[in-house]
Amino acid sequence: GEQGALVFSAVFLAVWAGAAIVTLNAQLLGGTISFFQSVCVLGYCVFPIAIAAAVTTLLRAFVHSMVAELILVITGFLWSTRASVVFIGGFISDERRTLAVFPCMFFYTFLSWMVLL
C-alpha cells in the first residue's frame with residue numbers, strides 16, 4: 001500500500017543521494033572519476049546489502065533471529081564497502097584515499113541500518 005511506496009521512495013532517495021555525495025566528495029578530492037560511472041558502480045555495490053535484505057525478510061517470515069540478521073547484514077555491509085573501496089580508491093591519490101573512502105563506509109552503514117529496521 002501507501003507505506004510500501006514511502007519505504008521505496010526513502011530507499012531510492014537514500015541510494016541516489018548517498019552515491020551522489022560520495023562521488024562528489026571523490027571528485028572534490030581530485031579524483032579522475034566520471035560522476036555517472038561512480039554513481040552506477042556504487043549502485044551495483046549495494047547488491048550484497050539487497051541480498052541481505054531479501055534473505056532477512058525471508059528469515060523473519062519463519063524465525064526471528066536477530067543474530068542471524070546481524071550476521072547477514074554485516075556480511076553484506078563488508079562486501080559492499082570492500083567493493084566500493086577498491087573502485088573509488090583506484091581513482092584517488094594515496095594521500096587522499098582515506099578521505100574519499102570514509103564516506104563510502106558511512107553510506108553503506110546507513111543502508112545496512114535501514115535493512116535492520
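Just so you know, glycine gets a Cβ as well, placed from its N, Cα and C.
Automatic, uncurated: that is what TrEMBL annotation is.
TrEMBL has this to say about the protein:
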- 6-114: domain 'Yip1' (DOMAIN)
- 35-58: transmembrane segment (TRANSMEM)
- 70-92: transmembrane segment (TRANSMEM)
- 98-116: transmembrane segment (TRANSMEM)
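Same-chain residues lying 6 or more positions outside the transmembrane segment (35-58) and placing a CB less than 8 Å from one of its CB atoms are 15-16, 18-20, 22-24, 26-27, 69, 72-73, 75-77, 79-80, 83-84, 87-88, 91, 104, 107-108, 111-112, 115-116. When Cβ-Cβ distances below 8 Å are used as the criterion, the transmembrane segment (98-116) is approached by residues 10-11, 14-15, 18-19, 21-22, 25-26, 29, 31, 42, 45-46, 49, 52-53, 56, 69-70, 73-74, 76-77, 80-81, 84-85, 88-89, 92 of the same chain, each at least six residues removed from its ends.
Each residue in the domain 'Yip1' (6-114) gets a DSSP state, and the totals come to 94 helix, 0 strand, 15 coil. Within its own chain, the transmembrane segment (70-92) is flanked in space by residues 22, 26, 29-33, 38, 41-42, 45-53, 55-56, 59, 100-101, 104-105, 107-109, 111-112, 115-116, which lie at least six positions past its ends and keep a Cβ under 8 Å from the stretch.
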